[in-house]
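Step one of this worksheet: look at the structure below.
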Amino acid sequence: MLYLVPGATSSVGEMSDAEAFGSLQFWWFSTVVMLRMVLFMIGEVLQETICMGILGGDTVKFGMQRLWGAAGWGVMSLVAGGAIDWYSRGLAQKDHLPGYLLSAASFLVDFMVAFNLKVPETDGPTTNVLRDVKVVLKNTKVCVFLVWATVGGIFTAYIWFYFIWYVDDLATIYHPERKSMLSSIEGFSLTIECLGGEVPFFYLSGYLIKRTGHMTAFSISFAMFALRFLLYSIIRDPLWVLPVELLNGITFGLSYIAGISYSAKIAPVGSEGTVQGLFSMAFQGFGGSLGAPLAGYTFSHLGSVMAFRLIGFIALIMCVIQIVVNYFLNRNKKLIA
C-alpha cells in the first residue's frame, strides 16, 4: 500500500503545510503508517510475551534470543539498501520496490515459522485481565517504572525519527563534500547500531540486569542517552557519528530488555501479554508520541545540533531524578514489587 501511494516520488519539501495536509498523498501515507504501527505493536507484544514464556522468564536467555532480531536489522539494512540502489540506477528518484519485496518474503517465512511454533499454555486458572492490571498498577514502583519507560521512549524517538535529519544537516552545513556519500553513512550507521551496539549488548544485558536490577538499568540507559546526545551536539563531521552509534546497545538495548523482563516478572499468571502491552504502550506509544513532536519543535526552532544538546542535558537531569526516586522507593519496602 505504501508503494502505491499516489505521487510517492514527490518531495514533501515542494509542498506547503496546507497543501500537504490537504493532499490525498499525505492522508493515504498517514493511514497506512498508522495501520502498520498498530499491526507492528500487536506482533511485537505477542512475540516478546511468547518468547519469555518459552524461556521461562529467563532474562539472560531472552537477551541472547533478542539479539538475532538486531542482527536481522543490521544485515537486511545493508541488503535492502544495496538492492534499492542497484534497482534505482539511472532513475531520478529512488524506487523502493526491492525493499518491499524483501519485506514481503521475510514476513511470509516469519508467518510459516510462527504458525508452527508450539506456544506454552498458561498453567494458572482463567483470570480477569482488567482486575489483574489494576492490581499491578496499584504498586507504586510499577507506576514509576512505566514513567521511566515513557521517558526512555521520548529519548528513543529523537533517534528513530530525527537522526537522519541531523546527519543531513551536518553534511549540508559543515561538510558539503560528504553529500555524495550521505546515504551510505546513514545506512551504515544503522548497521553499526544493530550489529556493533545491540547484538553484543543484548547478549550481555541479561547478566547485567541480574546484577544491577531493572531500575538501575534505566539509570545507566539515561546516562548513556545524555552522553550520546551531547556527543551529537559537538560533532560536525557526519563520519564521526558512526562510532557514537555503538552506544545504541546501552541506550536502547538495555532499557528495552529491562522493560520486557520487568513486565514478565510482575505480570499475574494469564496476564503476561497485557502487562507487556502496558510497557510497549508507555515506551513506544506515549514515549514515541510525545518525543516525536517535541523533537520536531526543537529541531525547527533550535536546529538539530542545539536540539540534541538540549535533550542531552534533559536526559542527564532525568538520570539524576531517576536515581534519587529509585533510592527512596527502595528504602520503602512496601513499594517494592
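Backbone N, Cα and C define each Cβ position, glycine as well.
Feature annotations, reproduced from TrEMBL:
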- 145-337: domain 'Major facilitator superfamily (MFS) profile' (DOMAIN)
- 26-46: transmembrane segment (TRANSMEM)
- 67-87: transmembrane segment (TRANSMEM)
- 99-119: transmembrane segment (TRANSMEM)
- 140-167: transmembrane segment (TRANSMEM)
- 187-209: transmembrane segment (TRANSMEM)
- 216-235: transmembrane segment (TRANSMEM)
- 247-266: transmembrane segment (TRANSMEM)
- 278-300: transmembrane segment (TRANSMEM)
- 306-329: transmembrane segment (TRANSMEM)
Per the definition of 3+ C-beta pairs under 8 A with sequence separation of 6 or more, do the transmembrane segment (306-329) and the transmembrane segment (216-235) touch?
yes
The transmembrane segment (67-87): which same-chain residues, six or more beyond its ends, come within Cβ distance under 8 Å?
94-99, 102, 106, 183, 187, 190-191, 193-195, 198-200, 202-203, 253
